[in-house]
Amino acid sequence: MKDPQSPNESFDIIVIGGGHAGCEAAITTAKLGFSTALFTINLDRIAWQPCNPAVGGPAKSQLVHEIDALGGIIGQLADETAIQKRILNASRGPAVWALRAQTDKREYSKRMIEILQNTDNLSLKEAMITELVIKEAETFSNNLKNKTKKIKGVKTFFGTYYYAKSIIITAGTFLEGRIWIGNKSMSAGRSGEQAAQGLTQSLHNLGIKTERLKTGTPARVDKKSISFDELDIQPSTASDKYFSFDPKIKNNMPQVSCHITRTTLKTHELIRNNLHLTPIYGGFIDSKGPRYCPSIEDKIVKFADKNSHQIFLEPEGINTPEIYVQGFSTGLPENIQLDLLRTLPGLNKCKMLRPAYAVEYEYIPATQLKSSLETIEIENLFSAGQINGTTGYEEAAAQGLVAGINATRKLNMKDPIIFSRESSYIGTMINDLITRDLKEPYRVLTSRSEYRLTLRGDNADRRLTPLGFEIGLIDERRWLAHKKKMKSLKEENSRLENTRLKCTDEIAKKIELDSGSKIKGSTTLKELLKRPNLHYSDFIRYDLVDKTLPISVIEGVEIDIKYEGYLKRQKNNIDQINRQSLKSLSSEINYDQIDTLSLEARENLNKIKPTNFGDASKIPGVSKADLTALLVWLKIKELKNEKKTSFAEKKLSS
């Protein structure tokens with residue numbers, strides 16, 4: 001073995017973990033020209049979907065659109081490997097419309113591996129990283145001596161040392177992971193794969209604290225043993241919809257149906273009688289699980305008045321018999337799991353291929369991170385994905401992209417890219433993570449955003465693709481396609497605004513008859529489209545629109561016009577927030593004297609001494625409530641100063 005001071009290999013950036021966060025981070029840094037190594041415990045399980053074989057859903061699809069708009073990869077792969085697509089919340093407003101894709105999990109992983117293997121500047125390595133290597137230096141600030149810690153590299157389980165200028169940890173559920181079935185447990189990051197040992201202790205030694213969370217996954221059953229004729233069918237209804245804005249992305253996968261069954265009174269009785277055998281209710285573990293993806297036993301306990309719960313049966317791929325039993329995760333013993341499954345209609349003779357299990361793991365509370373996802377404690381150490389306390393492939397991928405972007409910018413001595421709540425769901429999620437003391441896995445939700453009508457999936461490219469191009473992740477071909485779309489949107493909006501119909505026109509009479517809505521004198525097509533009972537599909541029927549216009553342009557224009565008033569109000573709110581962000585903060589402010597601030601906010605504000613309100617809003621531990629309190633305090637202070645000035649002027653004049 002080489003001396004630890006003599007590295008086996010050197011890289012600009014090392015990514016630890018090959019899940020969805022790690023893949024986005026590694027591809028990002030390599031595409032931006034930095035030599036990158038992606039380390040993972042198992043190279044055959046890169047970008048694996050250990051739980052639900054699906055991408056998207058409410059708020060999650062918006063995240064995927066945003067990642068793609070910036071130049072990330074998850075949206076393209078989800079589109080290419082989708083075996084079913086549906087639009088969720090289609091009957092509601094566009095702010096909550098959500099695309100969801102059932103993917104072929106093996107095909108998804110295979111294609112991601114191919115992309116990684118063919119990305120310039122990127123090396124793949126199978127090894128367990130057990131130690132972070134740092135170098136310490138002394139700095140002076142305000143005549144005070146400070147010790148700083150900066151990343152130098154990593155060591156593997158077998159003692160090999162790799163040098164790196166920057167590290168991104170994307171370890172998922174693998175840090176000291178332990179899976180549970182009933183009262184039996186074993187060390188594992190997920191079923192069939194060993195946990196990551198040693199790295200947690202290395203983090204502790206460097207001053208980064210970790211805590212424990214829990215998640216779980218349901219059983220997989222053999223589709224040949226299911227009576228599908230007893231189940232409700234759920235076909236693919238949106239195969240023409242895409243996460244990616246790249247016009248070259250296509251899907252050639254066969255489309256399949258999912259099916260729906262329900263729990264029965266017998267299911268509930270069996271669960272209640274065996275609650276004491278589960279890891280949580282039996283007292284074997286006390287880690288918090290995800291609120292929005294509860295186990296079936298949690299549902300039975302917390303919603304005791306419900307006689308039945310919907311369960312979805314989802315194929316894991318085209319060439320596998322495995323069916324994912326969505327909504328039925330459990331920690332019950334294996335033999336009871338099979339009995340439980342057989343209480344469900346259509347599954348009374350089912351064969352279980354893999355049992356459900358719970359997994360608990362170490363995570364890094366994200367209040368220890370900056371908005372860039374760099375750790376506060378150690379320079380050039382970034383953290384992204386489930387290790388930051390989130391749940392979901394989409395949340396992980398978004399963080400991986402952000403960490404990758406900012407790791408490269410730090411090495412280039414550029415300011416980090418900070419995503420604001422007003423600009424993206426990515427920004428909403430990161431702001432929530434670094435300012436809230438979360439004690440359960442975090443899932444992105446549309447309700448978490450104050451600007452959800454502005455932050456839709458369909459306009460993610462309008463919001464973020466210029467930034468992706470500026471960073472260097474959107475290539476010239478994508479950029480030209482984006483500019484062409486923007487031109488089409490502008491031209492179509494202008495055409496609708498300037499095309500008038502007279503009430504005497506034949507087509508106007510037909511519109512009046514069909515819609516039951518009178519046209520007085522004359523009106524523009526734009527004004528017509530604002531009416532709730534008229535849509536672009538009607539314009540196409542009346543031959544009032546170019547039928548060759550892409551669906552993305554048609555949808556974008558219609559939403560912009562129908563919700564114009566709401567969008568203007570939301571834009572005004574955002575502009576006001578942006579103006580507030582420029583409000584200066586004196587370095588003389590003693591935040592300990594502002595009683596309305598939380599203790600953590602006072603401590604961090606005093607430590608960092610932000611120069612303006614915008615910088616204060618990016619400090620970990622400073623919540624939205626703290627920012628409001630600070631604004632009120634500043635306003636009161638301004639009023640007091642105005643009164644003092646006015647009083648002094650009166651004295652002088654007298």
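Numbers here mean position along the shown chain, with the first residue as 1.
Quick reminder: no glycine exception, Cβ is built from N, Cα and C everywhere.
Now, the feature entries from Swiss-Prot:
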- GLY17, GLY18, GLY19, HIS20, ALA21, GLY22: FAD binding site (BINDING)
- 289-303: NAD(+) binding site (BINDING)
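Shown on the structure are the features that Swiss-Prot records.
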residue : record              : contacts (Cβ under 8 Å, 6+ apart)
GLY17   : FAD binding site    : PHE39, THR40, ILE169, THR170, ALA171, GLY172, PHE174, GLY385, ILE387
GLY18   : FAD binding site    : LEU38, PHE39, THR40, ASN42, LEU43, ARG45, ILE46, ALA47, LEU124
GLY19   : FAD binding site    : ILE46, ALA47, TRP48, THR170, GLY172, GLY385, GLN386, TYR393, ALA396
HIS20   : FAD binding site    : ALA47, ILE74, GLY385, TYR393, GLU394, ALA396, ALA397, GLY400
ALA21   : FAD binding site    : THR170, GLY172, ALA384, GLY385, GLN386, ILE387, ALA396, ALA397, GLN399, GLY400, ALA403
GLY22   : FAD binding site    : VAL15, ILE16, LEU38, THR40, ILE168, THR170, ALA384, GLY385, GLY400
GLY289  : NAD(+) binding site : LEU213, LYS214, THR215, GLY216, ILE280, SER295, ASP298, ALA358, GLU440, PRO441
ARG291  : NAD(+) binding site : GLU440, PRO441, ARG443
CYS293  : NAD(+) binding site : THR215, SER329, THR391, ARG443
VAL301  : NAD(+) binding site : LEU275, TYR281
Shell list (FAD; ref centroid = CB of GLY17, GLY18, GLY19, HIS20, ALA21, GLY22; cutoff 8 A): VAL15, CYS23, GLU24, ALA25, THR40, ILE46, ALA47, THR170, ALA171, GLY172, GLY385, ALA396, GLY400
SER295, GLU297, LYS299, PHE303 as binding-site residues, winner by CB count within 10 A: SER295
